[in-house]
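Novice: Input: one structure, supplied below.
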């Protein structure tokens, strides 16, 4: 009888938390610089951090001149704003907008740590539909990145992801409106189905809407992200086992997207912002908008085409897609579409 060989314990690789309170070590960049480098080298985005998309393409198009005044309608982590401020080189002024009261103070501190101050930039806690309230005659360039920031996605307390347990909230500004779980309680089965189709082209819209309604009738309230994920999993039970996991992942992503768009009235807000664009652009002013799903892109495309036909814009171009290299280094860029325009 052969003796059992002693198996050497696998050495800790550093890629997962040794202690629970060290989960997502990347969120502590000062302490875990090597971990962050490993994550980014593999083409992933470190948890709690945001990697700005198509920065080079946007800066090339803007061709920023010293002394210009611009606005970043979706400041977020401040990645685009940082690079714009470097181009302005302590001249002119950059206004930044974000409706998120949790992340905005962090971004202000981040930009100040790079050496910029109130003479260089001003941050406003606003919904970008209200950007015309900023007291300035006009802007030389306007940027909008319509994607959800990684800081929001990677924070389970915000309820933007089905990968971790958290309250089903999904509000960009948690102080405004109602959380997603309340919204679901208010909606009928047909309203949920239409929302999923309209906001995310969800192919399992009927099944998911039916399962959500069934859960409500049975008193199984959908209050957390995992509650909703489990309901979606039940709705897809007839899907082939070979593709079930992948289909569940896609359906959950689309459902969360659709609900986020609904809760934040994103289409209505985008439409209002696009309507105000020409009036706030200086002659020869430039606008660049990054979108991440077909619904957003359709609205931007339609508005730009209309302004071009009306002679308001002298040129439009798009969609411009991120390079293969950028998509490899930052997978969250894969669905990005950039549209640009110049006011005549």
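Each position is counted from 1, following the chain as shown.
From the backbone N, Cα and C atoms, a Cβ is placed for every residue, glycine too.
Okay, these came from Swiss-Prot:
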BINDING   78, 79, 80, 98, 131, 145, 152  S-adenosyl-L-methionine binding site
Novice: 10 Å Cβ neighbour count around residue 80 (S-adenosyl-L-methionine binding site)?
Specialist: 25
Novice: Rounded to a whole angstrom, what is the largest C-alpha distance between any two of the residues 78, 79, 80, 98, 131, 145, 152 that the record assigns to S-adenosyl-L-methionine?
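Specialist: Site span for S-adenosyl-L-methionine, by Cα atoms: 22 Å.
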Novice: Please report the number of other Cβ atoms within 10 Å of the Cβ of residue 131 (S-adenosyl-L-methionine binding site).
Specialist: 22
Novice: Relative to the Cβ position of residue 145 (S-adenosyl-L-methionine binding site), how many further Cβ atoms are located within 10 Å?
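Specialist: So the Cβ neighbour count for residue 145 (S-adenosyl-L-methionine binding site) comes to 26.
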Novice: Got a sec? Which of these binding-site residues, 78, 79, has the most Cβ atoms within 10 Å?
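Specialist: Highest number of other Cβ atoms within 10 Å: 78.
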Novice: Which residues of the same chain, at least 6 positions away in sequence, have a Cβ lying under 8 Å from the Cβ of residue 98 (S-adenosyl-L-methionine binding site)?
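Specialist: The answer is 74, 75, 76, 104, 107, 123, 125, 126.
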Novice: Give the number of CB atoms, excluding that of residue 152 (S-adenosyl-L-methionine binding site) itself, located within 10 Å of its CB.
Specialist: 24
Novice: Any idea what DSSP makes of residue 79 (S-adenosyl-L-methionine binding site), helix, strand or coil?
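Specialist: Note: residue 79 (S-adenosyl-L-methionine binding site) is helical by DSSP.
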